[in-house]
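Enquirer: OK, Swiss-Prot features for this one:
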type     : residues              : note
BINDING  : ALA50, ARG108, ASP318 : FAD binding site
TRANSMEM : 6-26                  : transmembrane segment
Amino acid sequence: MASFENSLSVLIVGAGLGGLAAAIALRRQGHVVKIYDSSSFKAELGAGLAVPPNTLRSLQQLGCNTENLNGVDNLCFTAMGYDGSVGMMNNMTDYREAYGTSWIMVHRVDLHNELMRVALDPGGLGPPATLHLNHRVTFCDVDACTVTFTNGTTQSADLIVGADGIRSTIRRFVLEEDVTVPASGIVGFRWLVQADALDPYPELDWIVKKPPLGARLISTPQNPQSGVGLADRRTIIIYACRGGTMVNVLAVHDDERDQNTADWSVPASKDDLFRVFHDYHPRFRRLLELAQDINLWQMRVVPVLKKWVNKRVCLLGDAAHASLPTLGQGFGMGLEDAVALGTLLPKGTTASQIETRLAVYEQLRKDRAEFVAAESYEEQYVPEMRGLYLRSKELRDRVMGYDIKVESEKVLETLLRSSNSA
């Protein structure tokens, strides 16, 4: 593949949030990036998304205009009981001072649009990435660094990035074996409601009108036992996004279906919703009554992988470490992957150096992403760990006080110093 002088040719599989972030990070280093995605982007997924301080910092480092995200400041996490009681509150008004950026809530489509803009903008830093839709990968030759698509065509590159999500195709070729993403037993109803639809109901003013403004987590008691001895893990997460004009709702619970035969994402009815959350306080049930276009979404976790890298092919984001959404760090970890990859492959990096740099990328990213995934899992499954993220400043500092750009630059400096002294 032809490449610009002192530039690598990069092929990214997946034009989701992680793939676009990787494209931005690599184009900013002067590399020539092509993005391939199996979809046509005719039906983008509408849902809210958490952007904690470490994630917002990384977006700024990639040159994103955060004003375009239409974010809503998450000033407080409020834990509430399913009976209507108010429990612990975690004040987040000092996050900007503590971490350099605030925590915001955004609409996924707004975030995707901004990443797309920065990746493809001809006026941006470095050559603009190019996007190729309706290209589904069927095969990746790791030795030749090529991919083959369903239309029979093959593309080669100096570097291939598998950012193709939790159902990744590239993962199988990196690991040289199939990896099963097991059923978690956890599922969530999710939907969006226009904020002004709440106006006729004063009992819902607490969601977007009354302080403290921020996300609400409405849970059943932490240690009740059901008839089969399983903890009741039902939780409803509510927050505003898109400049406060929309409210995102995610209602998490144990899945009664066989997840191995059920589709990962299916439409659901209001009757389905009330059957699970029928005993929640009337103030919450009123919100459930406003639900429309409900989707039932399986939450699966990619098991710890033996490696993320094989020669000049690497994994990034959910393809490597998809996790539960309990810490709001799923996208953030993929974004950190992208920033690290771009930092470790500056302009002037040669194709012969890629394998060494990717090994360093894996060393830098794998433990942290797996730690966050494990913490996210325990917050959902271990009763005494529920709410730990809100209670533990040490844990929050470890997760949100981390600056991937700074850490990547340190690693690169050490690597270059070692190479120069050899």
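Just so it is clear, glycine is given a Cβ too, placed from its N, Cα and C backbone atoms.
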Enquirer: State the residues, same chain only, that lie 6 or more residues beyond the ends of the transmembrane segment (6-26) and have a CB under 8 A from a CB inside it; answer 'none' if no residue qualifies.
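Expert: Contacts with the transmembrane segment (6-26): 32-37, 39, 41, 58, 62-64, 108, 111-112, 115-116, 118-119, 124, 127, 129, 131, 133, 137, 147, 155-165, 168-170, 316-319, 331, 334-335, 337-339, 341-343, 345, 347-351, 354.
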Enquirer: Write out, in the order they occur in the sequence, the residues of the chain not among ALA50, ARG108, ASP318 that have a C-beta within 8 Å of the mean position of the C-beta atoms of the recorded FAD site.
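Expert: The answer, listed by sequence position, is LEU17, ALA47, LEU49, PRO325, GLY330, PHE331.
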Enquirer: Where the record says ALA50, ARG108, ASP318 bind FAD, what is the longest distance in Å from one Cα to another among those residues?
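Expert: The span, Cα to Cα at its widest, is 16 Å.
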Enquirer: State the three-class DSSP label for ASP318 (FAD binding site), counting H, G and I as helix, E and B as strand, and everything else as coil.
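Expert: Looking at the DSSP assignment, ASP318 (FAD binding site) belongs to a helix.
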Enquirer: Count the other Cβ atoms sitting within 10 Å of the Cβ of ASP318 (FAD binding site), across every protein chain shown.
Expert: 27
Enquirer: Counting all other Cβ atoms within 10 Å across every protein chain shown, which of the binding-site residues ALA50, ARG108 scores highest?
Expert: ALA50
